[in-house]
Amino acid sequence: MKQYLDLCQRIVDQGVWVENERTGKRCLTVINADLTYDVGNNQFPLVTTRKSFWKAAVAELLGYIRGYDNAADFRQLGTKTWDANANLNQAWLNNPYRKGEDDMGRVYGVQGRAWAKPDGGHIDQLKKIVDDLSRGVDDRGEILNFYNPGEFHMGCLRPCMYSHHFSLLGDTLYLNSTQRSCDVPLGLNFNMVQVYVFLALMAQITGKKPGLAYHKIVNAHIYQDQLELMRDVQLKREPFPAPQFHINPKIKTLQDLETWVTLDDFDVTGYQFHDPIQYPFSV
């Protein structure tokens, strides 16, 4: 929690104002932030200085793992995080590749599970990684990549957290996740949970021990309409100790994650938190 608050304070103190063309808003911005999560010792990085809704973050991750491309599927899992980008983004609404209501296009999990090959067919990046790690293989390229510039025009949003690189040292699994851009008051709350849970899940279904998850953010920013709440409310609060995250031990395989797993298979204990803060969201 301290590293999260340190980043927020750094942006407030050292950030530079940048005009964001996509949203039409100003952002207070810093370049490069590195966060580390101790998954092996179950130090769950859930924000405590405001109430955080971890279930939606896990549901979104499950949707990525399943390769979903429709906001309705994400809602069925338990999150509305894609409703706005799928249905309120004017550029996407005018895009000829949009298939209709709730369609997200070829974003995130679609790239992870069905990356289009130039000679036809698709590559299932995630399955390859799971198969390798399950056999104890680390080819130094166990990388799940969502960033496909050749298909940006076919999706409602470029990926923000675009790369997850898994590494084995003995029987301990590590993760390096890279994020090009982060709305720190809103998005980072989700992204920290997802990086942590992704390593925990991958370790469980490949029979490895989870180690550390490293989370790099390139452009970390606070939107102008979020600044007052961050500076004058959230940063004035004292954080609580980290809670713990629990996964149903019956989850054994990638197929389990693809089929029967729901939010009921996850739990958080020991979570103390301050009152919620309603930060504005920028589409």
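The backbone N, Cα and C atoms fix where each Cβ goes, glycine too.
According to Swiss-Prot, the active site, nucleophile annotation covers C160, on the basis of sequence analysis. Marked as dUMP binding site by Swiss-Prot on the basis of sequence analysis: R22, R180, S181, C182, D183, N191, H221, I222, Y223. Positions annotated as (6R)-5,10-methylene-5,6,7,8-tetrahydrofolate binding site by Swiss-Prot: D183, S282.
Known features from Swiss-Prot, placed on the structure.
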| residue | record | DSSP (3 states) |
| --- | --- | --- |
| R22 | dUMP binding site | coil |
| C160 | active site, nucleophile | coil |
| S181 | dUMP binding site | strand |
| H221 | dUMP binding site | strand |
| S282 | (6R)-5,10-methylene-5,6,7,8-tetrahydrofolate binding site | coil |
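Here is what falls inside 10 Å of the CA of S282 ((6R)-5,10-methylene-5,6,7,8-tetrahydrofolate binding site) among the recorded positions C160, D183, Y223: D183, Y223. Distance from the CA of the residue listed as 'active site, nucleophile' to the CA of R22 (dUMP binding site) is 14 Å. For the dUMP site, whose annotated binding residues are R22, R180, S181, C182, D183, N191, H221, I222, Y223, the maximal Cα to Cα separation is 21 Å. Cβ neighbour count for D183 (dUMP binding site): 22 (other Cβ atoms within 10 Å of its Cβ, all protein chains included).
Here the Cβ of H221 (dUMP binding site) has 26 other Cβ atoms within 10 Å, regardless of which shown protein chain they belong to.
The 10 Å shell around the Cβ of C160 (active site, nucleophile) contains 19 further Cβ atoms across the protein chains shown. Here S181 (dUMP binding site) comes close to C160, I217, V218, N219, H221: these same-chain residues lie at least six apart in sequence, with C-beta atoms under 8 angstroms from its C-beta. Taking a C-beta cut-off of under 8 Å and a sequence gap of six or more, Y223 (dUMP binding site) has these contacts in its own chain: N20, T23, K25, R26, C27, L28, D183, P185, P280, S282. R22 (dUMP binding site) has a Cβ environment of 12 other Cβ atoms inside 10 Å.
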